[in-house]
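Chemist: According to TrEMBL, the record shows the following:
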ACT_SITE  His14  active site, proton acceptor
BINDING   Arg10, Asp11, Ser164, His191  substrate binding site
BINDING   Asp11, His191, His193  Mn(2+) binding site
DOMAIN    2-252  domain 'Pyruvate carboxyltransferase'
SITE      Arg10  site 'Transition state stabilizer'
Amino acid sequence: MITITDCTLRDGNHAVRHQLSESQIRQYAKQADAAGVDIIEVGHGNGLGGSSALLGTSCLADRDMLETARSVIKNGRLGIHFIPGLGTSTDLSTAIEVGVDVFRIASHCTEANVTAPYIESVRNQGKSVYGVLMMSHMAEPAELAQQAALMASYGADALILMDSAGYLAPDDVRWRVQAIQELTDIKLGFHAHNNLGLAVANSMAAVEEGAELLDACIMGFGAGAGNTQLETLIAVLNRSGYRTRCTFDAVAGLAHASQQYLDCLTPHIGTANIASGINGLFSGFAPHIKRAAEQFKVDEFQLYRLLGQRQLVAGQEDIILETAARLSTTH
């Protein structure tokens, strides 16, 4: 049985500048729960504590988002994304008070050590806790395996590999999953972005190598070119013989219903998304890079290349402006 985490109400917040409303969260969480989704992740696009002038201010406070979803989720589990440094122990305490079931504690792919106190704290309070390695293309398989083993040693119940930039190809995913399995027996999951059109293929590659948890969003609604499209993923999983709690008919109905209130277009793969993917940049950077290029009157794709060379990660949006300003002085 493959466990599905629906990130629509968290990663999808990137697509609307973190402006998902109480009504949208309530309607979608209730309908996704009825459709049989295992875990419904909710929050600012960058997770608990992410709302800020730099990253984007949420329409609602974290507590309000979580309480809204908690009130309607009856069958599945409520999940959150948490990055140490953006979120705090106080934010985690709030989530525990509200009744969050699954805590996903994330770090850059080479910095698992920063998650130790948070994973241990949540685990000691009897909650399910997953380690998350973001920007997983930026580490070789052997190093990723070592980082995964660290998260397992802290008490993580599972490990999620995030292709935050939509950079990986199926073989890249296979090598990473294989390397982790050779070093630790932690349960594995995969989170894809579709910048190069490979989100479903990469998710299937992960499952074929033994991953048991997959992330997806309705209609692909997420940062950049979007995430793995939930409807397509369920169809391909079922056709390939993998079992899930939710059926294609159920998630197809969810897609049709949510179009009435999510106010989103199905993501498409634009040239900016491709540039983000091939340069290994966080998918949520796309609107920031576009605005910076326009503000400083520089070539958007040259800016992508320079930022890729600097190996930016989420939370470094200020460097986009700095790089664009410097680029403008060279022309």
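Cβ coordinates come from backbone N, Cα and C, glycine included.
What's the neighbourhood like for each of these?
Modeler: The Cβ of His14 (active site, proton acceptor) has 26 neighbouring Cβ atoms from other residues within 10 Å, across all protein chains displayed. Reduced to three states, the DSSP call for His14 (active site, proton acceptor) is helix.
Other Cβ atoms within 10 Å of the Cβ of His193 (Mn(2+) binding site), summed over all protein chains shown, number 33. In the three-state DSSP assignment, the secondary structure recorded for His193 (Mn(2+) binding site) is strand.
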Chemist: Provide the number of Cβ atoms within 10 Å of the Cβ of Ser164 (substrate binding site), excluding the reference atom itself.
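Modeler: Around the Cβ of Ser164 (substrate binding site), 31 other Cβ atoms lie within 10 Å.
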Chemist: How long is the line from the C-alpha of His191 (substrate binding site) to the C-alpha of His14 (active site, proton acceptor), rounded to the nearest angstrom?
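Modeler: His191 (substrate binding site) and His14 (active site, proton acceptor) have their Cα atoms 15 Å apart.
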Chemist: Tell me which residues of the chain lie with their Cβ under 8 angstroms from that of Arg10 (substrate binding site), as long as they are six or more apart in sequence?
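Modeler: Once residues fewer than 6 apart are set aside, Arg10 (substrate binding site) is near Glu41, Val42, Gly43, His44, Gly45, Gly47, Ile80, His81.
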Chemist: Between His14 (active site, proton acceptor) and Ser164 (substrate binding site), how many Å separate their Cα atoms?
Modeler: 13
Chemist: If I restrict to non-local contacts, at least six residues apart, and a C-beta distance under 8 angstroms, what lies near Asp11 (substrate binding site) in its own chain?
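Modeler: For Asp11 (substrate binding site), the qualifying residues are Glu41, Gly45, Asp215, Cys217, Phe221, Gly222, Ala223, Asn227.
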Chemist: What Cα-Cα separation, expressed in whole Å, is found between Ser164 (substrate binding site) and His193 (Mn(2+) binding site)?
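Modeler: Cα of Ser164 (substrate binding site) to Cα of His193 (Mn(2+) binding site) measures 6 Å after rounding.
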